[in-house]
Amino acid sequence: MAGTGASVKMIRCVVKCGGQQQHVVVAARGDRKSPAIAAPPPATVRMPGRVLCCGMRSRGADLASVEMAAGPQPQGGVSGLFRGPRSSPRYSRVRATATVDPEDIPLEKVQAKSSGSVLPYVGVACLGAILFGYHLGVVNGALEYLAKDLGIAENAVLQGWVVSTTLAGATAGSFTGGALADKFGRTRTFILDAIPLAVGAFLSATAHDVRTMIIGRLLAGIGIGISSALVPLYISEISPTEIRGALGSVNQLFICIGILAALVAGLPLAGNPAWWRTMFGISIVPSILLALGMAVSPESPRWLFQQGKLSQAETAIKKLYGREKVAEVMYDLKAASQGSSEPDAGWLDLFSKRYWKVVSVGAAMFLFQQLAGINAVVYYSTSVFRSAGIASDVAASALVGAANVFGTMIASSLMDKQGRKSLLITSFSGMAASMLLLSLSFTWKALAPYSGPLAVAGTVLYVLSFALGAGPVPALLLPEIFASRIRAKAVALSLGMHWVSNFFIGLYFLSVVNKFGISTVYLGFASVCALAVVYIAGNVVETKGRSLEEIERALSSAS
């Protein structure tokens, strides 16, 4: 270049991107007199095309050229393409001879906007949550009528078996769900889960003897036990970080909707006593839809990555979030797995020193949830409302269900703003106050004239408080705090504790009430809620706004 005192050298280099090579041409200008000493001006790198590797569009891809420093002290460079909130010396420069892999790009430097949507797949998964709530609630309205048809109207023991067999099946299903999800993947396990759900519903609907009914209820219980562990696991693994809390709480919302659907399905029973068969048969439809929906839903990218199926993981990411997010998500998964090539954990690993603390937190969340008295409050809500002059059982159940749905909707909107931990503390505090109010309304003579309205207010406030945190948060929080190699089994173990405690509370609750009185039992529930607040404040970590891999790395470094 005449008159400039500088020389121009054309350099061809190769940039390797995920196994593919792209050729770029570098026009480097240097000073003739002191090329080895003076820092040269920026060089121009012309990229072939507008799309970076892995199909990820750069913010600088629309520029005709990209400024890259060729000397030892770069002043611009490729890092301009991926500006983030902080810079790292490791990635501050790119030399012409370097091999650049998009998986080596820091997460904060690749914040592409997602063009995909996970909502349809979350909706499919929530069919499992609806079936969870429906199978739990459907027997309440139908029990009296099916008992007459099956000839067990005078046999309270067999009626109890019809109800409790579902809980026993759910306990077994929750423990097996994690192992199945690890072995076959999340979507295939959903498809397998549809089998006991559909077959159990069919047997229940067509039963002409109590044995067939119990087998049907057992199979349905196994199905809802598997889905109780699988739905929050799948939703947490496919949800974007910024809305994972809202989507995770949708699980609890759809469980409530399932319970309400069972209530509505029972309305024709008064005029048609044989309608109970239709009530059970209705649930076959969502079971089939769950299987069909999961057949076309993407597998969890985290499970695929854990299995070494990288190309399938990238395909799932494209389907869930769009092509632009592939490099970002794959980097996050790779960063979380660096330094560890361990296989999925066995059951005994959950009790090792390495994992026991976080696993115990998960189990404690569900123990507190059940020991806080939610089932007892719902069970006694009918008699409480009758004391206040509300004679209709349907109206009482509808009021409790509406409070549950309303509280869950509020929790869904606050989950990613207030955080999981603060909602849990607020929830258990409100439950403790409600239980105290319920206890006083039954014993304090000064409140006797107002005992009915106060009991109703305490019940509704309790259910509303439960729905704000204690209901939806544990199922959301557990998949977030468990490391990827133990996630499925640890969630299954925690849900198993939920079903076991649920079973024993249902078995012994009436005996305890008869011995100590409902007021004393409510006071005991209030004490459990207060203890839960103290435990959560000292042991539960906040997870809002953090990816699953970031949470895993933070907990691993803290342990």
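Cβ atoms are placed via backbone N, Cα and C, with glycine included.
Please treat TrEMBL annotations as automatic predictions, because they have not gone through curation.
According to TrEMBL, the protein has these features:
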| type | residues | note |
| --- | --- | --- |
| TRANSMEM | 118-136 | transmembrane segment |
| DOMAIN | 121-544 | domain 'Major facilitator superfamily (MFS) profile' |
| TRANSMEM | 156-178 | transmembrane segment |
| TRANSMEM | 190-208 | transmembrane segment |
| TRANSMEM | 214-235 | transmembrane segment |
| TRANSMEM | 247-269 | transmembrane segment |
| TRANSMEM | 275-296 | transmembrane segment |
| TRANSMEM | 358-382 | transmembrane segment |
| TRANSMEM | 394-411 | transmembrane segment |
| TRANSMEM | 423-442 | transmembrane segment |
| TRANSMEM | 454-478 | transmembrane segment |
| TRANSMEM | 490-510 | transmembrane segment |
| TRANSMEM | 516-537 | transmembrane segment |
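At the 8 Å Cβ cutoff, the transmembrane segment (118-136) and the transmembrane segment (358-382) share fewer than 3 close pairs (sequence separation 6 or more) and do not count as touching. Touching of the transmembrane segment (490-510) and the transmembrane segment (423-442) is ruled out by the presence of fewer than three CB pairs under 8 A, sequence neighbours closer than 6 excluded. The stretches the transmembrane segment (358-382) and the transmembrane segment (214-235) are not in mutual contact, being linked by fewer than three Cβ pairs under 8 Å (pairs 6 or more apart in sequence). Outside the transmembrane segment (516-537) by six or more residues, the chain places 364, 368, 371-373, 376, 380, 421, 424-425, 428-429, 431-433, 435-436, 438-439, 442-443, 470, 509 with a CB less than 8 A from a CB of the stretch. Away from its own ends, the transmembrane segment (156-178) comes close to residues 135-136, 139, 143, 146-147, 189, 193, 196, 210, 213-214, 217-230, 488-493, 495-496, 498-500, 502-503, 506-507 of its chain (Cβ-Cβ under 8 Å, at least six residues beyond either end).
Here the transmembrane segment (394-411) touches the transmembrane segment (454-478). Their Cβ atoms form 3 or more pairs under 8 Å, with each pair 6 or more residues apart. Non-local neighbours of the transmembrane segment (423-442) in the same chain are 368, 372-373, 377, 384, 411, 414-415, 450-451, 454-455, 457-459, 461-462, 464-466, 468-471, 473, 477, 518-520, 522-523, 525-527, 529-530, 532-533, 536-537, 540; each lies 6+ residues outside the stretch with a CB under 8 Å from one of its CB atoms.
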